[in-house]
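So the structure is just underneath, and the comments pick up after that.
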Amino acid sequence: MSDEEARQGGGSSHAGAVTVSDVQELMRRKEEIEAQIKANYDVLESQKGIGMNEPLVDCEGYPRSDVDLYQVRTARHNIICLQNDHKAVMKQVEEALHQLHARDKEKQARDMAEAHKEAMSRKLGQSESQGPPQAFAKVNSISPGSPASIAGLQVDDEIVEFGSVNTQNFQSLHNIGSVVQHSEGKPLNVTVIRRGEKHQLRLVPTRWAGKGLLGCNIIPLQR
């Protein structure tokens, strides 16, 4: 294989986007060249083990008669050309692998960006479709110094979550009463809407000087 053939072959693989098949073809050519180099070294070995640099004349300056000079010169020439071809192919392999790796990184980055964009779009769509949370009860009155007052509840707060009770599972005030009875001394997460804004509170049902464990009156909202 000549330098020109190697260059022409390399040009075809880089004409478009490099593929795995292109790399496989380059590796196949590399192995072919290596096999040809070995074959030519075998020719030199068969000629009295003569290598690439041993002289082809005897001590008196005459051409050696114990080896086939034509075969030796041809093998040496072929080896030099093939080694140049081998270097060219190895450079093409390196460039092709680099392009493949760079393209894979770009694709991975694009896929991650697309996935993030899709996730954000889906999240935004869900938020828009769900709209603001719906309240199921309202605080009608609060006693000063009560657990409800200490937690920050205010009159007219609209309750959208009271511990495990929410709009989806609320049926009556008995639901809230059951949660309170089972949570004495334990903090409950309470979410309310106050003047259009959502507030997160921590309410601890506790026995106090007044009646009940909360010290507030809660009424259901019509749904």
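Just so it is clear, glycine is given a Cβ too, placed from its N, Cα and C backbone atoms.
As recorded in TrEMBL:
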type	residues	note
REGION	1-21	region 'Disordered'
COMPBIAS	103-121	compositional bias 'Basic and acidic residues'
REGION	103-142	region 'Disordered'
DOMAIN	122-196	domain 'PDZ'
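Over the domain 'PDZ' (122-196) the predicted model carries a mean pLDDT of 88.
Across the compositional bias 'Basic and acidic residues' (103-121), the DSSP tally of helix, strand and coil residues reads 19 helix, 0 strand, 0 coil.
Taking H, G and I as helix, E and B as strand and the rest as coil, DSSP gives the domain 'PDZ' (122-196) the counts 24 helix, 20 strand, 31 coil.
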